[in-house]
């Protein structure tokens, strides 16, 4: 019976693992003459090359250093007059706020509650839990955050109809009781809006504005046209609403928010004349959501009548304009160019990885390609000192045999029998000599193969030629 080999101790296995950790691996280049595999390899390389050349370098301009979010300054000015049923309105009345910043509102409809004074009056019927039948239904001193004043505890008739509501102490009459509506949008589409915008990219020390370098009379006679006059930033309000895809009359009655987006995408490798603003317009508030669509706000005008403080409450519906500026500037830089070139060259290796996987998974009959692909070379064993060899020569005895890897002849004999050994002899695999060694192994990860060759012969690279016909195809 064959003696059972004891399992290697843990310490020995750890030493073997530590020794294997310091092994060096280097690629081995083999040429596989296979047309379908070559087509796949070149196709993958071509796709990767097109991706980097067209998308990365041409579209994304990855060879440039870039900066996003320019420093921006915006000044706006509105001009025009309009009229309601009984009044003419000018800019000072329908533009809020009047400072001319990046966000402003143009009032297109108002609901006016005039001559409000401090007193007691019926609460609005739209306030929750305000309808009543008796005074007991109203709690004196109660303050509703959604109401218009402090409840007095009385139940009084409403402004119109037969309903009753709780009486409150505050500004009277309340908004529902005496509000009058005025439409200001009749001439509003012809309002003109001047938008002055200047941007600065600090990384590249580049600045530019959206107004052409001309005299002062230029802005008095021009209007914006993206094709013919892009540096005249004077827009008609009707043009802005139309470009946003909205109906002006509907928007003027309910109000809404329109965004004027100015985009500065600049390629600073080109002259500054190629860096031009691009304008786009869209509605920003969700018009299809009834609970949040529209735009309105309230303000009041105070005055005194017969020594009594009086105010006019105005609920204003309007078109709010938000001017939004964004952009990106890019300029050639060596560092991102080198990084992206290195990434491109490295990514081409994906084709080799894919083809290796196809080769070794689907085309590796009889492990022909594995034997050619993987080799493991062991360093020749050297004695720690020459005194055993010298002593043996003096005594006339054979020197001690060196420790070396198993010969390919021996491995071939064990693996495939005498016939494989004869094939190994025909390929030049001889018995190793004890003094000149060149060890290697093919497709045998846990064993090293030693091979002795004369000094004039080069070592063979493939030690297990199991299929000569398959090897001839490589």
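Backbone N, Cα and C define each Cβ position, glycine as well.
Look at Swiss-Prot and you will find 1-42, 355-474 tagged as topological domain 'Cytoplasmic'. Under the heading transmembrane segment, Swiss-Prot lists 43-60, 334-354. Per Swiss-Prot, the feature topological domain 'Extracellular' maps to 61-333; the stated evidence is similarity to another entry. The ATP binding site annotation in Swiss-Prot covers 77, 79, 192, 292, 296, 298, 315 and is backed by similarity to another entry. Under the heading disulfide bond, Swiss-Prot lists 121-172, 132-155, 138-166, 222-232, 266-275, citing similarity to another entry as support. Here Swiss-Prot flags 129, 190, 247, 306 as N-linked glycosylation site. The feature region 'Pore-forming motif' is assigned by Swiss-Prot to 316-329, with similarity to another entry given as support. Residues or ranges marked as region 'Disordered' in Swiss-Prot: 445-474. Taken from Swiss-Prot, the feature compositional bias 'Polar residues' applies to 453-466.
Under the DSSP three-state reduction, residue 247 (N-linked glycosylation site) is assigned to coil, being neither helix nor strand. Residues 351-352, 354-355, 358-359, 363, 369, 372-375, 473-474 of the same chain, all 6+ positions outside the topological domain 'Cytoplasmic' (1-42), place their C-beta atoms under 8 angstroms from a C-beta of that stretch. Assigned with DSSP, the residues of the topological domain 'Cytoplasmic' (1-42) fall into helix, strand and coil as follows: 20 helix, 0 strand, 22 coil. Outside the transmembrane segment (43-60), and at least 6 residues removed from its termini, the chain residues within Cβ reach (under 8 Å) are 340, 343-344, 347-348, 350-351, 354-355. In the three-state DSSP reading, residue 190 (N-linked glycosylation site) counts as helix. Within 10 Å of the C-beta atom of residue 79 (ATP binding site) sit 13 other C-beta atoms, taking all shown protein chains into account. Ranking the binding-site residues 79, 192, 292, 298, 315 by the distance of their Cα atoms from the Cα of residue 222 (disulfide bond) places 192 first. Distance between Cα atoms for residue 275 (disulfide bond) and residue 79 (ATP binding site): 29 Å, as a whole number. The two recorded residues, residue 121 (disulfide bond) and residue 192 (ATP binding site), have Cα atoms 43 Å apart. Closest to residue 292 (ATP binding site) in space, going by CA atoms and restricting to the recorded positions 129, 172, 190, is 129. Fewest other C-beta atoms within 10 angstroms, among the disulfide-bonded residues 121, 132, 266, are seen around 132. Of all the disulfide-bonded residues listed (138, 166, 222), 166 sits in the most crowded Cβ setting, with the most other Cβ atoms within 10 Å.
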